[in-house]
Amino acid sequence: MARWPAPPPPPPPPPPLAAPPPPGASAKGPPARKLLFMCTLSLSVTYLCYSLLGGSGSLQFPLALQESPGAAAEPPPSPPPPSLLPTPVRLGAPSQPPAPPPLDNASHGEPPEPPEQPAAPGTDGWGLPSGGGGAQDAWLRTPLAPSEMITAQSALPEREAQESSTTDEDLAGRRAANGSSERGGAVSTPDYGEKKLPQALIIGVKKGGTRALLEAIRVHPDVRAVGVEPHFFDRNYEKGLEWYRNVMPKTLDGQITMEKTPSYFVTNEAPKRIHSMAKDIKLIVVVRNPVTRAISDYTQTLSKKPEIPTFEVLAFKNRTLGLIDASWSAIRIGIYALHLENWLQYFPLSQILFVSGERLIVDPAGEMAKVQDFLGLKRVVTEKHFYFNKTKGFPCLKKPEDSSAPRCLGKSKGRTHPRIDPDVIHRLRKFYKPFNLMFYQMTGQDFQWEQEEGDK
């Protein structure tokens with residue numbers, strides 16, 4: 001068995017100081033020992049330098065040291081340009097994909113790309129509309145990793161829906177506006193804008209001509225009105241003003257919101273409730289001869305309930321004594337002075353316009369001129385918008401810009417009244433006369449209901 005060679009003997013101790021060599025002897029030490037010391041020192045220093053460089057992780061050996069001895073040595077690779085270096089990532093910051101390397105156009109004989117231009121005004125770095133700053137917009141303007149981009153794109157529609165003020169109704173209204181359609185003889189305003197509480201109300205009276213007035217005023221382009229009767233101040237007041245506002249149509253700046261509910265005029269709580277909503281609101285009352293109004297009211301009820309008693313029976317508490325039953329709604333509504341007194345406790349007379357139901361039939365353009373002046377509107381609705389229907393005895397609306405047939409009120413308007421005993425009509429005239437005169441004095445208008453020829 002081979003044996004390991006014995007370790008070399010320890011170096012001899014340094015020689016003691018000796019006396020100077022005798023004359024004629026050499027001053028140099030042994031050459032072998034000096035050469036060994038220099039080689040050992042050189043290797044130790046070289047090893048120490050490579051160890052220090054290798055521990056830093058930045059040591060790259062030249063290719064000449066890795067290739068075969070016969071290969072030509074190549075210079076070390078040049079450091080990459082700054083655009084190719086990975087972006088430093090800060091701990092806790094969202095990861096971002098490295099920017100793609102720029103095309104080296106110069107190497108292909110092309111001019112270099114111009115510097116990146118700033119985003120267009122109103123957009124962010126992604127070409128998305130800018131919301132005007134804030135954390136959310138800064139988040140959207142931050143370049144995202146592919147996985148984060150999916151999340152951002154899925155969340156973007158929800159963000160846009162929350163910030164956008166355009167609704168489906170607005171878009172539908174704009175599409176309708178492009179067609180500039182008209183419905184029912186009235187100009188159809190596009191269904192976008194803002195829902196507002198009304199600035200004017202048609203508060204009465206039932207069977208006085210309120211529907212005819214509403215349909216005529218809706219022809220005006222600066223008026224938007226509810227087609228149905230909301231009955232907010234008498235039946236639905238507990239639902240609140242927001243419910244009432246949502247019932248209203250959308251209006252643009254400069255347009256007036258209106259509604260009509262004839263029962264307001266005879267509702268005791270209505271004046272106070274309306275005043276609490278808007279002190280400066282404008283009120284319109286269409287009044288009619290109370291006798292013919294009562295007969296028309298009864299005729300409407302009779303068409304729905306044929307089994308009710310006759311008009312003569314319902315109008316009197318005691319016909320023999322000639323006692324009129326003022327508690328019957330058909331009679332009570334016609335006591336205009338009594339109801340107006342309640343309204344004047346909350347509104348000045350200057351905020352109330354009284355329209356004659358009789359003149360609205362024979363001269364609709366004249367009465368509509370008063371209404372438009374009262375509302376502060378330009379006189380757009382004129383005689384060219386009306387056509388008198390001799391069969392019904394009522395004016396009908398027409399569109400002056402085309403040749404379509406005039407639009408008349410429903411079949412219930414102009415229905416034949418039942419024949420009423422002339423004695424009952426005479427007694428009713430006597431009953432209403434003092435109230436009518438009081439009403440004339442309160443309003444400053446003489447409606448001339450006491451003339452015999454005015455009662456039919």
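Placement of Cβ uses the backbone N, Cα and C atoms for every residue, glycine included.
Now, the feature entries from Swiss-Prot:
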type	residues	note
BINDING	Lys207, Gly208, Gly209, Thr210, Arg211, Arg288, Ser296, Lys413, Gly414, Arg415, Thr416, His417	3'-phosphoadenylyl sulfate binding site
BINDING	Glu229, Pro230, His231, Phe232, Phe233, Asp234, Arg235, Lys260, Thr261, Pro262, Ser263, Trp328, Ser329	substrate binding site
COMPBIAS	1-24	compositional bias 'Pro residues'
COMPBIAS	74-85	compositional bias 'Pro residues'
COMPBIAS	124-135	compositional bias 'Gly residues'
CARBOHYD	Asn105	N-linked glycosylation site
CARBOHYD	Asn178	N-linked glycosylation site
CARBOHYD	Asn318	N-linked glycosylation site
CARBOHYD	Asn389	N-linked glycosylation site
REGION	1-31	region 'Disordered'
REGION	68-139	region 'Disordered'
REGION	154-192	region 'Disordered'
TOPO_DOM	1-34	topological domain 'Cytoplasmic'
TRANSMEM	35-59	transmembrane segment
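Overlay of Swiss-Prot annotations on the structure.
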| residue | record | Cβ within 10 Å |
| --- | --- | --- |
| Lys207 | 3'-phosphoadenylyl sulfate binding site | 23 |
| Gly209 | 3'-phosphoadenylyl sulfate binding site | 28 |
| Arg211 | 3'-phosphoadenylyl sulfate binding site | 18 |
| His231 | substrate binding site | 15 |
| Arg235 | substrate binding site | 13 |
| Thr261 | substrate binding site | 24 |
| Ser296 | 3'-phosphoadenylyl sulfate binding site | 21 |
| Asn318 | N-linked glycosylation site | 9 |
| Asn389 | N-linked glycosylation site | 15 |
| Thr416 | 3'-phosphoadenylyl sulfate binding site | 6 |
Helix, strand or coil at Gly209 (3'-phosphoadenylyl sulfate binding site) [DSSP, three-state]: coil
Glu229, Phe233, Ser329 as binding-site residues, winner by CB count within 10 A: Phe233
Residue from Lys207, Ser296, Asn318, Asn389 whose C-alpha is spatially nearest that of Phe233 (substrate binding site), among the recorded positions: Lys207
Cβ neighbours within the same chain of Ser263 (substrate binding site) - under 8 Å, at least six residues apart: Gly204, Lys206, Glu229, His231, Asp234
Secondary structure of Asn318 (N-linked glycosylation site) (DSSP, helix/strand/coil): strand
Pairwise Cα distance for Thr416 (3'-phosphoadenylyl sulfate binding site)/Asn389 (N-linked glycosylation site) [Å, integer]: 15
Spatial separation of Lys207 (3'-phosphoadenylyl sulfate binding site) from Arg235 (substrate binding site) - C-alpha basis, Å: 19
Rounded Cα separation (Å) that holds between Arg211 (3'-phosphoadenylyl sulfate binding site) and Thr261 (substrate binding site): 10
The topological domain 'Cytoplasmic' (1-34) [mean pLDDT, rounded to integer]: 55
